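Presented below is the structure to which this report refers.
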Amino acid sequence: MADSDNKISLLYVDDEAVLLDIMKAFISRSDEFRLDTANCAAEGLIRLNTNHYDAVISDYQMPEMDGIELLTEIRNSGNNTPFILYTGKGREEVAIQALNAGADYYLQKGVNPRVSITELQNFIRHAVSKNRAEKTVREQERKMADVMNFLPDATFAIDKSGKVIAWNRAMEKITGISAGDILGKDSIKYSLPFYGERRPFLIEIVLNKNLLQDSDYFILYPEDEKIIAETFAPELYGGKGAYIRCTASVLYGSDGEVRGAIESIRDISDEKSAEKERAELTEKLREQKSLIDAVFDVTPVNFYVYEEDMKFRYVCTKGAEQLGMKPEEMTGRTWRELGMPAELLEPLEEKIMQVFSTGKVISARTIYPTVLGNRYYQYELSPIFNINGAVETVVSTAMDITGIVEAENEIQQKDLHFRDIIDNINDIFYRVDENGSITLINNNTPKILGYKSTRDMIGIPVEKIWAEPEKRKNLLEIIHETGSVSDYDIQFKCSDGSKMDVSLNSHICHDKNGNFCGIEGIARDISLRKSAENEREELLEKLSIQTRLINTLLDVTPVNFYVYDIDLRFKYVSPKGAEQMGMTAEEMTGKTWRELKMQEKYLKPLVENIISVFESGEVIKGKSNYHTINGFRNYIYELSPIPGDNGEVELVSSTVVDITGIKETEELYKTVFENTGTAMLIIKEDLSILDYNEELKRITGYDDEYLSICTDASFLTVKEDLSRIIEYHNLRKSDPESVPKNYELKFTHKDGSIKTAIINVAIIPDVNKYVVSIQDITDARHYETELKRTRDTLNFAIDGTKLGLWDRNLITNEIFHNDNWAEMFGYNSHEIKDDFKFWKENIHPKDLPHVYQAHKDHLSGKNDIFDVVCRMKYRDGSWRWINSKGKVVAWDSNWKATRMIGLNTDITHLKETEEALRQANDKLSLLSSITRHDTFNKITGILLSIELLKVKLADTDLTKKLEYIEDLVDAISEELEFARDYEDIGNLGLLWQDVADYLDKEKIPEGIFVRSDLTGIEILADPMLGKVVHNLVDNAVRHGNGVTKITVTHKFTPKGLLLVWEDDGTGILEGLKERIFERGFGSNTGLGLYLVREILSISGISIRETGAEGEGARFEISVPEGWYRNSTA
């Protein structure tokens, strides 16, 4: 609010003292404002705490606490004084920050301070007026809310649009909805708590009478501006509902115009309930007697009501008729007066009088003669109390239970017969209840299980007689699923702990209502049967074990067994022997070889020998061959007689051995010996040659004629290696472990040349012979020498460059590296193992995923070169920046990479230089920003001072000189603005940006139409792309000379995306198409199009002017492939 003199009080915070003074002088020219100043944020906070201000104006860039931090501090303290950020830092992000922090306005200290001061004054007026109006409205709303909350009836109000503007506490109570949740909501919201659906409310009807005819209200008092009505609201009180009386009236504003309506609601449910209750009670009293009579007559129960003098107050029709009377005959009379039998009624009278005296219910049975004969009744005597709590009457409810009594008698008879039956069976009979407790057993059960009597077993859990109680669960599952089980073998436990095998038959029991009530069953002792079965099982198991043992023994031996009887039937066949014939032992047993259709031409000699053994009783040996499932096989066999009890040959056993492998091994040995690819020879202990292969002849140059008669294999060895060869040969006999398995020596070729070879000597056990292999490595040694010389040359060259060479086997992860590689991390080569572990353990954890991804991208073919920059740990724990480049150089037959070679370069110094340059650039940017800010403040002070001087020096020649000075200062300001924009180019990173979005946000002057087809087109460019769009629009408006249309289109070309920007102005002269992009060219500042080209060039985008003179300007913007995308595609 303003001071007492009605001036708007302001606080201006700025660290620039000259601006404080000039601003105060400038503002003080108006009688409308009063201005206090503070030269820092801290002082501003102190002033705010001690004085009241209508608005705060603050600079942004100040030491210790900037303008946004000051604003945040003010808002956090609960102070909502209007706040205007008035700063020279014209950045969009600063404006967004300020508005998000709660600033009312953001104003840049512009090039023309006079204009900016005028704007500032307008902002102040608007902000203060708005704030005052909001305070007034809040105060009025508070007063109105206080009044409404004191009203006893639920009351609410709406505006003309149907929005809720008031909602008192009584409304909160009956709807369960707080004012905060409903205020500002439309009418559909406030009808839901009452009716659960959208329907016209009385408050709406008073504003629109047309809604009345379709409403559910019962109108009591209709007027133009006030209506009273009643209705039922089913959703009130959490769905309980309530009858309500509503009163709605029109609300008028101070101008006499209708502003809305107000409605009060009163719960009249109690009133309505009382009316309804009176009507219902009258009806109930009328219907009660006829209803009671009708109910009693259709129930199986007779009702009698006795007074204390034993007179009948009420008798149901059916009860009277069964006694041979009518209700009206009995009512008002005693049983004695009616001549009813005293021997039956006197005991009943005693019980009735007992109920009168005690007030307790009594139940009993009796028999009574009726028109239907003697009947059994179950009766209950119940007291009926008066309002004083004394027993006024007694009600007797008598149910005819004659049928039940007769049924019970019959059941007792059947139970006796059932008991006789189960007691005469020799098996166990039992019954258990639903809890598993024994409720019934026959007399034999305790005897069988060793208990003294049935009393010892009744009531115990049935699990107690189960040898394995846990198995009862399986039985119960079966019974509950099928209803019964038969011949279910289990074991019961006798009282002495012994076990008894029983066969169980059980079924489910149901009560008279069909509900499960237990299980009963009969168990028969099957101990003798089980003993016989167990004995049989044991014998079969022993026989099975013996059979498996024999078959196993025969299967693991290299021998097949067959047993023949006198009819040449197979009595036994070993499983392996049958399998080789393509059959099973079971298929062959009991059949002859003819019945099995075995090959006669191979078996005929064998059969003849079997017959001979039966006749002679002597063993016969022989050879045979046969086609089996494994092909043609060679066998040797032995036929042996098996005598019977009479000493005669009863059976013949055939023992068969497969010798096919021995022959094949001989052939295999020869093949391997000749085709190993290595020179081989076999020598005796005296070094004489027993055998050799063709490869030995090839590498030595000697032929069969010489080698076949050679008595000393050492003739090949050169003299300098001969003594070592002899020493190894002798040690091989006495201490073979001391002799190397492989060693190198030189031998002499027949042509006299010296060859190098790798020798391997193996002892042939038990025969004192040796197998010698000789591998000629003469060429390999030559290649190794050449490779070493080449590698040494390469290492020498790399050592001079300080590059770290690595060679990685991608299959084994072994890595070769040169000395430079190890020294790069402070190690010697021998200190680092040749594996990939060192890499993984020493790459910086934050860089490891990036390295893995680069490696994966190269192996997948995505990138031709593995090129990654990462940090690796130096020996002292510090980090070095490494640039590692490599490439796959070998693949296997499946084109899987197997080898990779690369170089590491230590770029730590380069990184440190980059960081130093970045920090220096940051410092320069900060210095530039502060300098520019301070300069802007001083320029603002100069321009404001000029404005003050113009007023004082009006109508003098000095005003023109002041305007000249003002133009010079304006030019300086524009240069500073350009410097600020140019400094930001390339410093903010590249972002995907929607060009159409920038175009939509531009403020296009009236009379210019803009058309674009760029929806969804995004460009990866500097964040200052928006300034490109702004400058192109500004260029068309300023220099197009009557532009009425701007068209922006796009098309895709082989080189990328082409954006075409056209207007219908006068166009660009032919000779100026490139010069317009030069700095300083043009009629304004000459920076607009220059800045456009600079911003676009950051991301490789080019711009050129291609329009025809007189037909409007046409700019072509070329975006290279990969720097644009279509977000709608």
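Including glycine, each Cβ sits where the backbone N, Cα and C put it.
Any TrEMBL annotation is an automated prediction that lacks curation.
Checking the ranges 410-437, 466-493, 522-549, 1026-1053 against TrEMBL, the coiled coil annotation falls on 522-549.
According to its DSSP assignment, ASP59 (4-aspartylphosphate) is coil. DSSP assignment over the domain 'PAC' (221-280) gives 16 helix, 31 strand, 13 coil. Packing around ASP59 (4-aspartylphosphate) is summarised by its Cβ count: 25 other Cβ atoms lie within 10 angstroms of its Cβ, all protein chains included.
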